[in-house]
Amino acid sequence: MKQILFMDTTLRDGEQSPGVNLNEQEKLQIARQLEKLGIDVMEAGFAAASEGDFQSVKRIAESIQNASVMSLARAKESDIRKAYEAVKRAVSPRLHVFLATSDIHMKYKLCMSKEDVLDSIHRSVILGKSLFPTVQFSAEDATRTAQPFLAEAVEVAIRAGADVINIPDTVGYTHPEEYYSLFQYLQESVPSYEKAIFSCHCHDDLGMAVANSLAAIEGGALQVEGTINGIGERAGNAALEEVAVALHIRKDHYKTQSSIILKEIKATSTLVSRLTGMMIPKNKAIVGANAFAHESGIHQDGVLKEVTTYEIIAPELIGESQNLFVLGKHSGRHAFTERMKELGYELTQKERDAAFEAFKALADRKKEITDEDLRALMLGEAALLTQQYNIKQLQVHFVSNHIQCATVVLQDGKGNKYEDAATGAGSIEAIYHAIQRILEMECKLVDYRIQSITQGQDALAHVHVELKEGPHQVSGFGVAQDVLEASARAYVHAAGKLKALLTLVK
């Protein structure tokens, strides 16, 4: 069986989704979960993009032990050296250098001739190999590149030392048959083809990213790139969880294997969704809430008689918990700690103490605490650790004519408290106005979403907000049993990130 490598770009391409702005701690959280998932290569970011990106890539590179850590770089010496400084301490550092090869990009974006492009590819890969043990070259907009020139560019990159060649469908233009044929063409037309691993990278503009990725694998690609939940700019990228499960379920056809730990898919998908604020459609393949639901009477009858009549994927395969194990207010520290370990959380004593206190507070208000509650609780605690301000007091009361008044007390990391009050057309608007007054900000709320994490009247609420000031847009989330408290936490989380961002760019 062919071994397929999985390269995840959730932290780079995925973060380019509008409104997604992960901080360093959140990126590290996702990176560690990707490591548990069995990802072979993770693109931690674009080190040369900003100091914040550089620090995030550097920290991930120093923390990950069981996957290659890669930084994106343009075909520029400064970018390549910056990428090296960021990932040089990784167990397995890798460079991803790219340059466009299509006529439209060379003419209008690069303003370069074909000869200039080939020379730039040669020089950048040579430099990369002098610094990195592994170099990946991407021919940006490969699917709209004239095939003879693409083959020439790929040959130049391999001869210069490129170990991996990526053939990206940058604008989601191709279709499965065409993409398969392109990989076959390169196999026949590139003299040094056998000296490199070929990779596919598909965007979903025409809804074919996963299908194209699978076609590329059939065509000879040994590495597949994408993101968790298919997030990314425009219509997103190939959803890696869909590719992984498709290869597993239809291994009779694809005859491949990979290092992906399928039972970690659900946990990874949920974490990425909640940290980015990009909710998963209920009907999404593999990880959607309805992926294993049956409403039709005929389907229900069939499943009850024999599950394989209408289910080709067992929920347990992807870690969809069927566990009815619950905790409650009488559960002790030992039971809580053991359950957190079973869910994959390795906590320090300080983190364990804080999480247990939060658990006991929740257990006083909620009869039964499920695994989903615990995951949400940990997500909320992680958010609190990265916030500049925490909510100490929140009070709302009715004034008149649908006007509400909110009083908010925030506390910063040094213990200083700040209090203010404001009115609004509803409780949430009043709370947000009060927080704005305290933080002296005039940001605009561009998105507000609320989701029930578990079922029942005592369910936890997960609120996601997006704030914008000028060209800068960030997201934040809050988790609490009370909707107003969750909403306030989400706003403070986002506002703190935006305030820090504005301070950096001034």
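Just so it is clear, glycine is given a Cβ too, placed from its N, Cα and C backbone atoms.
Taken straight from Swiss-Prot:
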type	residues	note
DOMAIN	4-266	domain 'Pyruvate carboxyltransferase'
BINDING	ASP13, HIS201, HIS203, ASN237	Mn(2+) binding site
REGION	390-506	region 'Regulatory domain'
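Features per Swiss-Prot, on structure.
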| residue | record | DSSP class |
| --- | --- | --- |
| ASP13 | Mn(2+) binding site | coil |
| HIS201 | Mn(2+) binding site | strand |
| ASN237 | Mn(2+) binding site | strand |
Non-site residues, in chain order, whose CB comes within 8 A of the mean position of the CB atoms of ASP13, HIS201, HIS203, ASN237 at Mn(2+): THR9, PRO168, THR170, CYS202, ALA209, GLU225, GLY226, THR227, GLY232, GLY236, ALA238
Segment-level pLDDT (mean, integer) for the domain 'Pyruvate carboxyltransferase' (4-266): 98
Residues satisfying Cβ distance under 8 Å from HIS203 (Mn(2+) binding site), sequence separation of at least 6: PRO168, ASP169, THR170, VAL171, GLY172, ALA209, GLY232, ARG234, ALA235, GLY236, ASN237, ALA238
